[in-house]
Each structure stands twice: as structure tokens, then as C-alpha cells.
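Here's a structure for you.
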Amino acid sequence: MSGLSAPKGTFDVLPPESARFLAVRDTLTAPLRRAGYGYVETPVFEETAVFSRGVGESTDVVTKEMYTFADRGGRSLTLRPELTAGLMRAFIEHRLHTGPLPVKLWTVGSAFRYERPQAGRYRHFTQVDMEALGVDDPALDAEVVALGVQGFRDLGLTDFELLLTSLGDATCRPQYRELLVAYLEKLDLDEETRRRAEINPLRVLDDKRPEVQAQLGDAPLMVDHLSDSTRAHYDAVRQHLTDLGVAWTEAPRLVRGLDYYTKTTFEFVHNGLGAQSAIGGGGRYDGLSAALGGPDVSGIGYAVGVDRTLLAVAAEGLDVAASPGVQAFVVPLGTEAKRLAVRLVGQLREAGVAADTVYGDRGLKGAMKAADRSGATHAVVVGDRDLADGVGQLKDLRTGDQRAVPVGDLFEALRTAVGN
Ligand code: AMP
């Protein structure tokens, strides 16, 4: 034994749980594919500046949680802590803004954050990420939010909530920020929180500590200080969401962990998850492209955590796994039968039937056990004596019923039996 194990805060996804992982991942992305979003892959590492500039210098993600390293060529690289900044980098690099707008993209993959691990919080996790870029239209905000909701609904989840607010934009956030800073200055806050208030005062509103929350009762809220244009935008988003049958909870203190959000901002929370209740979140980020040195284009998108959504699915006791295992199984007993089994399984798979057989010398008992464990509903059991008679036994593994079928008909008989 080498004693090696997965690094702290990471985990392996193994069968049969992995079937649920795939089902959740694919169900969350299906609504995006149906809505015309195109699949993108970007590297799991980027130049560090993509994240320090993109996610925001003052955020916990950038200051405390990034896996940053120098490669052998002396470049500073960072394992992506989220997927939006990399997608935006690719959008700018390939000048996608010069084509038809909006540009609708999605991706799914690993993200890495050096966080304190706990249930639902890992150092390596998987996000589904989508972005709609280049058009500032409240109807697009509503589409994005509704697609997130659709993914959760398609999984059968019901115990989740959409938290919604507007964070304003350059036309009103600076004035609001001054109001908030003046308010926070009068409070009894520790040194670190004061420093945080100087860099990003909105963050303090999101401070979970009771002694801080107790002082924030009548803090000014962004939604009460929106400019006419951002208020009109927010009203239109809510109107479209109502038309789409999407319910939400107003969350005027919602501040997200990343700095680039403007206007529409939202989070999906699940009530069965304890402290790490956020299963996804996102918003509009009209300044992100410019922050990365790109053209001044707007964007909106979200990221959903696949691992946490999987926990939500378990918390609601839902069975989401697309039937794992195989439909048909072939049990050969003897050398000649082995050749037939290998050929039959090959034919079945080619015809789209999930099929398997036994390998190694398992004996009848072991082989039948493997057939039962495989999840198959039907098996062909064939011994060399059957072969001499020109038949194999077609067996219904659920009822135990069995009948002899001519060797030449076994493929069709098995395929028909499993309903393919
Ligand atoms: P964020 O990029 O921080 O907005 O996170 C988006 C979603 O990713 C969250 O709602 C979570 O579902 C998931 N997520 C973020 N951080 C972690 C983590 N450390 N472990 C597992 N899931 C995470």
C-alpha cells in the first residue's frame, strides 16, 4: 500500500454515485443547449491577471483562495477559481463581439479554491457556467435566470429559492457607496472589517456575524437608491420573470463574492443544505470585459455548483440517475461459448444495446451473480452442450423464466427482449 489519498478538500466520484453526478451535470446543461447557447472549453489554468483583474483584487477568492504557481518558464498561472473570467478572456481574444449579438456560451468543468473544506465546500469542485454577452436587455436577464431555474426544476428539485436584487451601475452605485461608507463609519467595527469597508463597503452588508448584522438594521440599501435607468431595467426584468412563471424573493442585501456584478444579481439557495446553501448564482457584469482590457460590452450569466446540486438532490430524496449498468448480459460456459458471447456482446453494443459479459474464469454461480449485479433485465446463458444443440438459453433475470433460442436468433431475441 502506498498510503496515497486524494488531497484535502477533494474527492473521487465513483460508480454508482457517478451516474447521479453525470445525470445532474447533463440535466443542468440541457436547458442551455435548448436555448441556443454554444459549448466552449477554456484551459483550467490562465494567466493570473485574468482572475486578479476579472474577479477583483479585493475578493476573498483572489486574496486568499487561488492556486497560483510559477510554471517552469516563470509565468504566473492560476488554476481557475471560477469559469466566467476565462470565458470572457476567450470572448475578447477571439473578438466574438464582432459577430452577431448576443453571444451565448456555456461550459462545465473543474474549479479550484483554497477554502476551508466542509460539507458542500471543496477545494476542487465542478461548475456549470453560462454567459449571454454583448446585449443589455432586461429580457435577456430574465432568460438567463429562468434557464437556471429550469435546470433545477428538471431535476425535480422544489425546495430551492431564487434570491434577486439589483446592484445598480455606474449611474448610481458611486453615490450609494458614499452613503453606505458614511453609515458604516459610525458603526463599531473591528479593524479588518473597516479595511474591508474601505475596499468594498457592500461586502460588509453580507457579513454573517451577529454583532455586525445587529448594527446594520437601517443601513441604506442599493435598491432604494437606483437611478431611473437601473430601476426601469430591474422593473422590466421582474415583469419578464413573472411572465415566465418564475417566482423570486427580493434580497436587497445580496452581495456576491465576486466584484464584477452590476444591475441584476441573483443567487439560487437550497433549504436542505445547511451553511453552504448556495447552489448557484450570477448576475450582470457590464464592466468585466473592459476590466480585462476588452471592448466595452455587457454580459450576464451564472455559475451553478454541480456537487452542491447533487447534495440538494440527495436532500430531497430524488432519484435522478439515468439507469446505470447494462440492459443485456451474456454468460458463456466453455471455450466455444466464449467466442459466441464476445461476438454477441459486440453486436449488441453496435446496435445500441448496453451489454456486458463476464471475463476470467468465474464458473456458473459467479457468472450469474455478475449478471444479476449488472442491472440487466435479460441474459443469454450458453454452454458448449447448448451449442452442440445449436441453441442458447434466453433468461428473464427478473422472473427467472428461461427458453431455448436457436443460436442464429439469439441477437434478435435479446435485442427484442430488452426493448431495443
Ligand atoms: P460562485 O462562483 O462563488 O458564485 O459560486 C457559484 C456556485 O459554485 C455556488 O453557488 C456553489 O454551488 C458552487 N461553489 C462555489 N464554491 C464552491 C466550493 N468551494 N465547493 C463546492 N461548490 C462551490
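Residue numbers in this text run from 1 along the chain shown.
Heads up, the Cβ atoms here are built off N, Cα and C, so glycines get one too.
TrEMBL lists these features:
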BINDING   Glu82, Leu83, Thr84, Arg113, Gln127, Glu131, Arg256, Tyr260, Tyr261  L-histidine binding site
DOMAIN    23-332  domain 'Aminoacyl-transfer RNA synthetases class-II family profile'
If the criterion is a C-beta within less than 6 angstroms of any ligand 1 atom, which of the binding-site residues Glu82, Gln127, Tyr261 pass it? List them in sequence order.
Glu82, Gln127
With the L-histidine site defined by the record as Glu82, Leu83, Thr84, Arg113, Gln127, Glu131, Arg256, Tyr260, Tyr261, how many Å span the farthest pair of C-alpha atoms?
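Maximum Cα-Cα distance: 21 Å.
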Where does Tyr261 (L-histidine binding site) sit in DSSP terms: helix, strand, or coil?
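DSSP call for Tyr261 (L-histidine binding site): coil, neither helix nor strand.
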Count the Cβ atoms, other than its own, that fall within 10 Å of the Cβ of Glu82 (L-histidine binding site), considering every protein chain shown.
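For Glu82 (L-histidine binding site), the count of other Cβ atoms within 10 Å is 19.
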Test of understanding: give the count of other CB atoms lying within 10 angstroms of the CB of Gln127 (L-histidine binding site).
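Its Cβ has 23 other Cβ atoms within 10 Å.
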Which is it, of Thr84, Arg256, Tyr261: the one of these binding-site residues whose Cβ has the most other Cβ atoms within 10 Å?
Tyr261
Can you check how the pLDDT averages out over the domain 'Aminoacyl-transfer RNA synthetases class-II family profile' (23-332)?
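On average, pLDDT over the domain 'Aminoacyl-transfer RNA synthetases class-II family profile' (23-332) sits at 93.
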How would DSSP class Thr84 (L-histidine binding site) in three states?
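Its secondary structure by DSSP: helix.
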